[in-house]
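So the structure is just underneath, and the comments pick up after that.
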Amino acid sequence: MYASREDIGYDFGDDSKVGSKPIKPNPNIDGGWAWMIVLSSFLVHILIMGSQMALGILNMEWLEEFNQSRGLTAWVSSLSMGITLIVGPFTGLFISMCGCRTTAIIGGILNALGWILSAYASNVHYLFLTFGMTAGIGSGMVYLPAVVMVGQYFQKRRALAQGLSTTGTGFGAFLMTALMKYLCTEFGWRDAMFIQGAISLNLCVCGALMRPLSPRDHREKCVVKSDSEEDRAKALSHSTETIKSNGVLGEEPEKKEEAANEEVLGTVQHIEIGGKSGSGRSMYGLRLFKTVSQLTVTVRKGFALWYSSYFGAASLFTNRVFVAFIIWALFAYSSFVIPFIHLPEIVKQYNLSRQDNVFPLTSIIAIVHIFGKVILGIISDLPCISTWNVFLMANFTLVTCILTLPLMQTYVGLAVVCALIGFSSGYFSLMPVVTEDLVGTKHLANAYGIIICANGISALFGPPFAGWIYDITQKYDFSFYIAGLLYMVGIIFLLIQPCIQKKQPKEKSTEEAQ
């Protein structure tokens, strides 16, 4: 009845107890239905993240239609992208209460509704509400379950599975850019948004494929996890020690909560048995009371898990490396989003529209992005390679490209830099893996919700900031320079915290020796 543990990836029981009993490997872990989950997540990335990467086409249409400033118009795209990620923590609450499948289906309906209502927009402010808010919230309610479910079904090949599923962003950006151009040319932007809304209803089908793992499947995943634990410890052992030393979410309150829940349901069952001899009307009332009680217990339990993760005494924020990861996320995502929103305008400025029409720069980023995710995922799964180091190297490459892009004023130069941006941004497929290494599978949904929320804040303010800088200077150069420098600050935080964590145990051991 309790969907929270089954759908988020919370572990059942004690790992040591599970490991003592030989359990036959389940075909759904790293195989079987797991690949259907990858397919579902892949389609979600095409329909959500791919569509958002194509918003540069609609942005130009809105500029012509509503005749507003670039800074104000860019808020429509950034609101949609930002809110998709910002609602991550609240989506985690929905997942805790009703599971990934139900959350994703509701989100698919909201997303489609946002696109369809936006087709009737009379001004930019109307788009803020329909496209920015409604479609954005719907996207967020589908996106987080799609990522969490892949991490839940895979252990040995997590990085590869996440890489394959998130390549949908690259495929989507390429396909949706071409589709959006065609629809806007043939039918106009209003009908294009209406058609896109109908296509987005397929997100409900993707959500229906997200079959939750049973408690038995989770126990078997724990056994698989213990076999590959040594390989993963090499990558981020310092962060695992941190979360253990600071205290993982307490088991005692959870046990008390379970006891209280069982007592409530037991009372209801006792009343139901005692009332069997009663009339049909009273039995109907008892069944209704039982359903409401079970729903209340599920909501209470889901909220307790969600609340303790964020605000409990041993919350995720006690892990310093994870906090540094959040600070990095606050600056990183805007550096990737700004080129997608403003590249069509930059191409127009440099009189490169003819070459860009043959092969758009955004499509170059999208295609190479696909290979980047898969290749970085394969490299990270090698036993001798640290996922953390691959993640950092990709970040350094991306920030270098962002700072270099304004210096390129030819199509070939821009194409080379865009290709490097596409490949290095493949590190997005490693984010769920790094997050899981930091906090464990049990807290993946809530932790990753925080990370994508920070990314959402970055995406929310990045494009409008770039448009505002352009309105002042009539150039996009300073936008890329400032975004790149802020991104570098985030990377420095990632480098500093692990060093501090390594020094602290040494200092403690020295004090004990004295």
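Heads up, the Cβ atoms here are built off N, Cα and C, so glycines get one too.
If you look up TrEMBL, you'll see 33-55, 75-95, 102-120, 126-148, 160-180, 192-210, 321-341, 361-379, 386-405, 411-434, 446-466, 478-496 marked as transmembrane segment. The feature domain 'Major facilitator superfamily (MFS) profile' is assigned by TrEMBL to 37-502.
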(request) Six or more residues out from either end of the transmembrane segment (386-405), which same-chain residues have a Cβ under 8 Å from its Cβ atoms? (result) 159, 234-236, 328, 332, 335-336, 339, 372, 376, 379-380, 414, 417-418, 420-421, 423-427, 430-431, 433-434, 437, 480-481, 483-485, 487-488, 491, 494-495, 498
(request) Could you please provide the mean pLDDT value for the domain 'Major facilitator superfamily (MFS) profile' (37-502)? (result) 77
(request) Sort out for me which stretch, of 33-55, 102-120, 160-180, 478-496, has the most Cβ pairs below 8 angstroms to the transmembrane segment (411-434). (result) 160-180
(message) Using Cβ atoms and a strict cutoff of less than 8 Å, what residues sit near the transmembrane segment (126-148) while being 6 or more residues removed from its termini?
(response) 7-9, 40-41, 44-45, 48-49, 52, 62, 75-76, 79-88, 91-92, 94-95, 100-101, 103-104, 106-115, 117-118, 162, 165-166, 193, 203, 206-207, 210, 432, 444-445, 448-449, 452, 456
(request) Could you tell me whether the transmembrane segment (446-466) and the transmembrane segment (160-180) are in contact, taking contact to mean 3+ Cβ pairs under 8 Å with a sequence separation of 6 or more? (result) no
(request) Among 33-55, 102-120, 192-210, 361-379, 446-466, point out the range having the most Cβ pairs under 8 angstroms from the transmembrane segment (75-95). (result) 446-466
(request) Could you pull out which residues elsewhere in the chain have a CB under 8 Å from any CB of the transmembrane segment (102-120), counting only those six or more residues past its ends? (result) 3, 44, 48, 91, 94-95, 126-127, 130-131, 133-146, 190-191, 193-194, 196-198, 200-204, 206-208, 210
(request) Determine which residues of the chain contact the transmembrane segment (361-379) at the Cβ level, with the cut-off under 8 Å and only residues 6 or more beyond its ends counted. (result) 50, 53-54, 56, 159-164, 166-167, 169-174, 177-178, 339-340, 343-344, 347, 385, 390, 394, 414-415, 418-430
